[in-house]
Amino acid sequence: MEALIPLPVLLPLLAAGVKLAIGARLRRVQGAISITTLAVNLVVSAVLLVQVDTHGPMVARIGGWEAPIGITLVADRLSALMLVTSSAVTLCVMVYSVVSAYDRQEDVAPMAIFHPAFLVMLAGVANAFLTGDLFNLFVAFEMLLSGSYVLLTFGGTPSRIRAGATYTVMALMSSMLFLIALAVVYAATGTLSMAQLAERFADLTPQVKLLVELLLLLAFAIKAAIFPVSGWLPDSYPTAPAPATAVFAGLLTKVGVYAIFRLEALLFPGGPVGTLLLWAALATLVLGVLGAVAQADIKRMLSFTLVSHVGYMVMGVGLATVAGLAGAVFYAVHHMTVQTSLFLVAGLIERRTGTTSINRLGGMMRGAPLLSLLFFVPAMNLSGIPPMSGFLGKLALVQAGLEVGGVLPVALVTAALVTSLLTLYAVAKVWGKAFWRETRADSEGRQDAGEEQVERSAVTIPGLYGPTAALVVLGLAYTVLAGPLSSLTERAAGELLARQPYITAVLGPR
Amino acid sequence: MTISLVPLLVCGLLVAAGVTLLLERSLVRVLAGVILLGNGVNLLIVTVGGDAGAPPLLGRSDPDRMADPLPQAMVLTAIVITLAVTAFLLAMVHRAWQLRDSDEVSDDTEDRWVRLRARRGQLGERVRARQAEYDLLVAEQRAELHVEPTKGERLAHRRTDRRKLKHRQREARRQMRRAIRAERERQALALDPELEGDD
Amino acid sequence: MEPLLILHAAAALLAPWLVRRYGRGAMLLLAAAPAAGFCYALVGPEPSARPWAPALGLTLAFRADEVSLLMMALVTGIGALVMVYSARYFSSGEPGLGRYGAIMMAFAGSMLGLVTADDLLLLYVFWELTTVFSYLLIGHHPENRASRRAGMQALVVTTLGGLAMLAGFVMIGLAAGTYRISAILADPPQVAPVALVLVLVGALAKSAIFPFSAWLPAAMAAPTPVSAYLHAAAMVKAGVYLLALLGPAFGDVTAWRAVAVPLGALTMLLGGWRALRETDLKKLLAYGTVGQLGFLIVLFGAGTGATALAGVAMLLAHALFKASLFLVVGVVDRAAGRRDLRGLSGLGRSMRWTCGAAVLAGASMAGLPPLAGFVAKEAALGALLDDPLVLGAVVAGSALTVAYTLRFLWGAFAAKPGRRATRVKRPAALMVAPAALLAGLGLVLAPLAGWYETAMAVYSDAFPDQGHATHLAIWSGVGPPLLLSLLSLAVGGVLFLAREPVARLGAALHVTDTGVAFWHALRRTDLGALQVTGVIQRGSVPDYVLLTLVSLAGVGTLALSYGPPLSLDTPVTWWQRGEQPLLAVLIAVAVVLALRARSYLLLALSVGMTGYGVALLFLAHGSPDLALTQFLAETLSLVMFVLVLRRVSNPPVEARLPLALRLGIGLVIGAVVVVAGVLAMDARQTQPVGDLMAGAAERAGAGNIVSALLLDIRAWDTMGESTVIVVLTLGVTSLIYLRRTSYAIGRRPSRPRPGRPWLASALPEGDRALAFEVAARLTFHTVLVLSVFLLFVGHSQVGGGFSGGIVAGLAITVRYLAGGRDELARAVPMHPGVLLGVGLTLSIGTALVGLAFGGEALSMLAADVTVPLVGTVHLSTVLLFDLGIYLTVVGMVQDVLRALGAELDEQIEAS
């Protein structure tokens, strides 16, 4: 079964390589290859999840090299769960982009670009979830970042170049920070294996420990878009092509969050950074949602809620209890799904009307009832309306926060609830204006003078609704599966905080 | 391990120079900053990763005197990645220049838009406050004009009062409108109509 | 209970289809769902519980005690009647009727769940669902701005309360160790008063109690059946129900009473007073409802057995008469086409049945015997006798109730002097019947008060504080309650007779409205959000970079100031190798040049120089592989710089920050980085893993440890990095070629040449440097051989796929530089992307082969093969992997040269 672990990384890469090698020929097959690969990925990840849930963490030793020498890939409950969710989400997005022919419309450059970039990005995401080596995590980040640079600047329109510059520069900052942290880590401990690091960090002086922790945290915080290093996200995500934005929103920040989970739980359990994280979570939650309230564009509004809701997950980590971490993991699973589906819906809206500005949209409920439903359900889910998964995650976090007690946790619980309310307000504003209000433009938005309007089709492709609806339904399914899912996240959090199962699996029993 | 200061100072220098260039708006300079920063950090990894020594070649060097190969492998990977990023950023520089004759990283327009709307919101609040003041004024004037006590006079006065009141109201309203128009002219877009006062 | 909820859900899902098929008649079919619920309530359901998400404390638990049953009967019964009414209220062509039916069913189901949930969290789930569905129902006519605004207001206010309530619930649940309501009631936990206050905020917001009351009158923008159901009978009762439910556990807590009773009494007075000057009949009723809800909150907030008994009686009576009255308004509205009392006259004559129902329901509302409202009011006055202040408020409120009831009946049905009778259409029987039925029930149920009291005794006895004993009876003799009742009737009558001055007085005393305050607050929120976002979201990359750097500096300072002061145990020297200071000077010079460079080309050159300097430092450190790669990479990036910079002039872009400041920040960051490195070196206590690599490389059979690391031990990293190369090369192509499909290198339409020339250069004669071209041509193959050599010796010597690939790439570069793009096409006559793809496939293939045959991904398989003549050859998949890297790098150089070189050439020529 260990042989399955590298597959989520290798299969997309193989598909990417084959696609490039066959070149522009067989364009039609491209979509089929991608979809098949991702479907297989989903199956593999699901099998992995079942396996690790019954047998505990599993380890693949790449090249047959043992842990501190070689690179290990580790699948535990957390990574397998993240992997399953991301596979499911990306499968839907891939179907969406193939059906919408984004891959072909946007992929008219001389080489097949969309699919390889997309697949490498996904491989990077999977690698980041699985790796048990800190330097390999850096490489995984570079993989997913390089894919995202390309997807973000597709077509090279002015706004995408501007957004691409913001995004690239900030990502490079984060990479440089990560490298500095790696230098410090290796200098201080002489190892890169995370399991061994977990052991060796314990012996360091508190000064160096804190230094390493904060450096890594800052590097990951940029990726996860946590205040004060969150500003780049709303400036860059909304301009990318819809499927790309959807995947960015769903996965990329979660990779940063995942890295923070590992960092805080595995490498630096306890310690003074928890309080700092809580403050950061507080600021991220509140400032992010205020940004969402201030926006007049659906995609930007969603980007700000994305930033804001990362605060929920950081809050769970900062609480440093099993309940808090379990809530954070649950929220991450929920958020990956819902945020992605909302961006896909935004893409549908843009495709239908040529704009996502709520000042220009109108009358969509009359004009596009199905689209309205597809927006409304995940939007309510995002706002944490029960019994949907957003509520369940929030509930877990509120419970965890009140259980811990104290001024800061209670302040965070308050902030979490206020954020929920303001998210609802922001979403309701969109609903009221874009969907309820009838305007002269009435669902026939005008083509913007801007040069980068997505090709707008009067006839919406029904096939596009399929993958979007599938994601929306997946978001709802978490409600039905709340029992098993919440106990799984609790087990995952318990395993994560216990640390020993992971360390033993990688380094062998001591 | 031995801390050797000169390579470390070079690292610091490269990082400092990299940061200095990174804070500019020109994409080429930012790229140069990234490369300098990358060189500095790569050097840092090797320098703090272990002492200088013989090349890590089996059979050529004494294994005890070899430099630590692991940081070298890390840096090799990092160098190649930086090379690829350089190529990509150069393509972006070219595209930016092609589009706008400049490789300057411009500010996000939507964010500027938000700032503008915040300003507009403040102006709107001021307009609203003035409107309220005006309403109060009218009410006061109305009360002022209704003090005549005697019954006979009241009927006679009422008509002139009403005319006077109307005139003053009209005048005040005109002033008000002028003020509002002046304010509104500075607003590119009307306020969010969903949020205006309760009617 | 679950089957019933599923029935409602199914009805909701089917509703659009049913409406499309049967038109408005579908409402009659839909009415079956709540009707089934009503029958079930009469049969008497059993409590049930099954786990949902135990980790979160969520249980699908349902209760079936007296209050729940009462509420269940009310919401299902009135729900069914309202659906019947809807079948005629809407015209057949009403747009959005399917949506209406669906949401009404969904709402009815949620309401049913709310009143039967036996789990605080489950109750919250249904609670919020009713909020959302009510939002959608209020916005039934979304083109109407008032509807949208009312929907938003209701949504925000009730959700605000709901979230506060959720926090309260969680606090109660944590204190009690369970969220099961029955368990909490059986053994009330000690909870902080703040938890109860939070719960009350939720209840009060939902039941439109001051200061949350404004949303309810605004919600009258909804269609009348919605108002009758949601805003009179069902949803607004949720808060009251919650108080009734938790009363036995927390009714005697001071905080509970101190919040609920005064606010309830105040609301009762304010609502009644406001109703006296409302002219829209629906709004008049809405304000009346607000007042009555205040009354109910007073009764349940007082938290005694007696007041609770009066409360449940009032709950029933109010639901009956208020739903009936709303339905009547709808009938009038549809029949007369208006509902402003100033425009209606003489309807009592033309609409006898409707008028009769209204009078009956109104009498119950005013508290006239022998109706249910009278019974409840008597009991309430009796129960409150001990508390004169509250009693006074309630009597005053009752007087107001009487007054606005009279005003309503007079306004709707009386023939007004000097006004012609309004012309009306004959109302449908299906519309009048539900109203009449509900009004009649008030009459029928009043004599059953004694039985009702017995049935409710279990509930009211559960209160720890029984209060002043009271009874439900249609006649309980002449006592203080009856006298107070008469007093309120008399005062009410007077108020009605003096309605004009009262209305004027009300208008004059009117200061402000919580609705105005709400919109003001919302506007302030919006403005605040804009201002805050404007400040923190600058949209400028240097700002974000600066913020990150400041964070880094902060992080460094924080960590350094943490723990004991700095003390180094590690030996410190200036340098370990003699070359180092020399190289340091070289690099410093290059850095200064880079900082001072105005031209981009100079900048690129000086940056490249630092790169070469660093390469030499690597060499001095003992890493020849690194030095070679750095050297080659630096060269290639210089070439790329030059290729791009020939197109890009350097405009004098001003940095936002002055140089000194930027340099200062840079020095701080540099210091942080160096100090961090020194600290880390000082902290090393254990043997580094790198020391194990010599042995590992030996096992791998490689002489060069770094190359063993790259190609075998840590080949996974290398694989990742080669994908980065591939993807970013794609990115270059994407940015240069944009959306053009043609990728052929455009040949210059040059003069025809005889045969196939040895030199393919397309440069004009004057530009050709023949010697260079020939040299490039001649050295090309030699360099290629060198690159292959590097590829092969990498295993034991300095070299490897990367360096080999770059060398080959540089050979191609030289040919391109010498001979232009035609030479490039000749040098690598291969479709772009193929090299990248093949290279990537080779690397990944090696990994998969290792996985398939070696058990682990990237397991390197080796075999010694005897080849005739050559002898034994050591073959390993390492070579295959390295070849993949080599090809990838060559492919990257090829594509970059095509894009940044050949394509830009063409663009330059075209421009």
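A Cβ is built for glycine as well, from the same backbone N, Cα and C atoms used for every other residue.
Bear in mind that TrEMBL entries carry predicted annotations, made automatically and left uncurated.
Within the chain carrying the transmembrane segment (A:33-52), a Cβ under 8 angstroms from the stretch's Cβ atoms is held by residues 1, 4-5, 7-8, 11-12, 14-15, 18-19, 58, 75-77, 80-81, 83-84, 87-88, 90-91, 94-95, 98, 103, 115, 118-119, 122, 126, all 6 or more beyond its ends. Under the heading transmembrane segment, TrEMBL lists A:33-52 (among others).
Cβ atoms under 8 Å from those of the transmembrane segment (A:80-102) belong to residues 8, 31, 34-35, 38-39, 41-42, 45-46, 48-49, 51-53, 114, 118, 122, 125-126, 129-130, 241-243, 246-247, 250-251, 254, 258, 329, 332-333, 336-337, 340-341, 344, 347, 351, 461, 463-464, 466-468, 470-471, 474, 488-489, 492 of the same chain, restricted to positions at least 6 beyond its ends. Annotation comment: TrEMBL describes A:80-102 (among others) as transmembrane segment.
The transmembrane segment annotation in TrEMBL covers A:108-130 (among others).
Per TrEMBL, the feature domain 'NADH:quinone oxidoreductase/Mrp antiporter transmembrane' maps to A:132-417.
Look at TrEMBL and you will find A:137-155 (among others) tagged as transmembrane segment.
The transmembrane segment annotation in TrEMBL covers A:167-189 (among others).
Packing against the transmembrane segment (A:210-230) from elsewhere in the chain are residues 141, 170-171, 173-175, 177-178, 180-181, 184-185, 188, 201, 204, 252-257, 259-260, 263, 267-268, 271-273, 277, 280-281, 283-284, 287-288, 306-307, 310-311, 313-314: each is 6 or more residues past its ends and has a CB under 8 Å from a CB in it. What TrEMBL records for A:210-230 (among others) is transmembrane segment.
Look at TrEMBL and you will find A:242-261 (among others) tagged as transmembrane segment. Long-range contacts of the transmembrane segment (A:242-261) within its own chain (CB-CB distance under 8 A, at least 6 residues past either end) are made by residues 78-79, 82, 86, 89-90, 93-94, 96-97, 100, 102, 118, 121-122, 125, 128-129, 137, 141, 144, 148, 151-152, 154, 216-217, 220-226, 233, 299, 302-303, 306, 310, 313-314, 317, 325, 328-329, 332, 335-337, 339-344, 346-348, 350-351, 454, 496.
The transmembrane segment feature in TrEMBL is assigned to A:273-293 (among others).
TrEMBL lists A:367-386 (among others) with the feature transmembrane segment.
Remote same-chain partners of the transmembrane segment (A:406-428), defined as residues 6 or more beyond its termini with a Cβ less than 8 Å from a stretch Cβ, comprise 275, 278-279, 281-282, 285-286, 288-290, 292-293, 295, 301, 304-305, 308-309, 311-312, 315, 318-319, 379-380, 382-385, 394, 397-398. Feature annotation from TrEMBL assigns transmembrane segment to A:406-428 (among others).
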List, by number or range, the same-chain residues at least 6 past the transmembrane segment (A:137-155) whose CB is under 8 A from its CB atoms?
106, 113-114, 117-125, 127-128, 131, 161, 163-164, 167-168, 171, 174-175, 178-179, 182, 223, 236, 239-241, 244, 248, 251-252, 255, 259, 452
Same-chain Cβ contacts of the transmembrane segment (A:167-189) under 8 Å, 6 or more residues past its ends?
134-135, 138, 141-142, 145, 148-149, 152, 196-197, 200-201, 204, 208, 211-212, 215-216, 218-220, 222-223, 229, 232, 236
